[in-house]
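Below: one structure, written as structure tokens.
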Amino acid sequence: MKKEKADKAQEKETDQRKQAIDAALGQIEKQFGKGSIMRLGADTRMAEMNVVSTGSLDLDIALGIGGFPSGRIVEIYGPESSGKTTLTLSAIAETQKKGGIAAFIDAEHALDPSYAKKLGVNVDDLLVAQPDNGEEALEICESLVRSNAIDLIVIDSVAALVPKAEIEGDMGDSHMGLQARLMSQALRKLTGTISKSNTTVIFINQIRMKIGVMFGSPETTTGGNALKFYASIRLDIRRIETLKEKEEPVGNRVRVKVVKNKCAPPFRQAEFDIMYANGINRESSLIDLAVRHDLVAKAGSWYSYGGEKIGQGKEQVKNFFLENPDIAFKIENQVRDLNSLPLMDQSKIQTREVKSIERDPKETKETKSKQPVSFSTEAEVDIAVGE
């Protein structure tokens, strides 16, 4: 009897609390508009996180969610010529492939349209702005975000967002903390709008050295501390090796460390090749991932798949994947499945034509097998040599 009374009292209290919450929600929506407050499970926009691929499968895996998240701020920083702009242009190309609209705010006034085209960017559809000062750049960014029509915005770079007062002043004038205050104010205004518009905003940043640091890293990024707090993802990209072909540099191998990640576990790393001719090399990343997940076996310099040898040296295997896109597609989907990433659509397989190289007729078959194989891309022909 006592238990029944206690249950009824508890049920009555629960109903009263529910009515009070509903009344409060109704009042908030009446005052601030519909959607100003809601239950998390009922908000599909917050429950499902859309992502934009980085163009590197290894980095997509390291990020834990398959790419850059929509409605968030991302910071990419690193030394000069480490691949920061290339990585963002690759993300723009992936956005355009999905039918999205991208914008590039070129504060450094250094965007090369021909290079962007080589990376797969549709330059005819890419929105580009070259602002005169930092305030103008950030106002352009805010206008694009508020349009709710842009999927990805890249700002290159934070260091080039020079405040108007500094531009109008004389050389040698002191403007202590002016850029940091500009970034802090802009990010306070932008963060909420970016989230509501579901736009991904990527800030490229540069590295500076702090003077007098005795312990720890003396490196820091420009623009103050605000961006470090507001960014959901921070990537540190470094060049670790120069790729050469017949003693000629043809690309860089880079390592990207996920310094901060609000969407998945941080501190993961990814390594991939960036070729000077066509950007991130997907085949090279696929080989590394396939070997790591035991989908492709490696014995010495030989690689084998399904019990059959597919090439000696990485370059031969890259050519094998280019000549057999179906096998590359199958392996990539296996890697994606093992890492809980969405699978690729078979209709989006891109084949690349493999051109033959003129040989000396006196060459034997054995000699031919040791010769470099060339393969073409949309932009130009790269020569691939065996390891």
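The chain as shown is numbered from 1 upward.
Cβ from N, Cα, C; glycine included.
Per Swiss-Prot, ATP binding site is recorded for Gly78, Pro79, Glu80, Ser81, Ser82, Gly83, Lys84, Thr85, and the stated evidence type is sequence analysis. Secondary structure at Gly83 (ATP binding site), as computed by DSSP, is coil. In sequence order, Ile237, Arg239, Asn252, Val254, Ile274 are the residues of the chain that are 6 or more apart from Gly83 (ATP binding site) and have a CB within less than 8 Å of its CB.
According to Swiss-Prot, the feature compositional bias 'Basic and acidic residues' maps to 350-369.
Swiss-Prot lists 350-387 with the feature region 'Disordered'.
Cβ packing within 10 Å was compared across the binding-site residues Ser81, Thr85, and the lowest neighbour count falls to Ser81. Scoring each of the binding-site residues (Gly78, Pro79) by how many neighbouring Cβ atoms lie within 10 Å, the top position goes to Gly78. Under the three-state DSSP scheme, Gly78 (ATP binding site) falls in the coil class.
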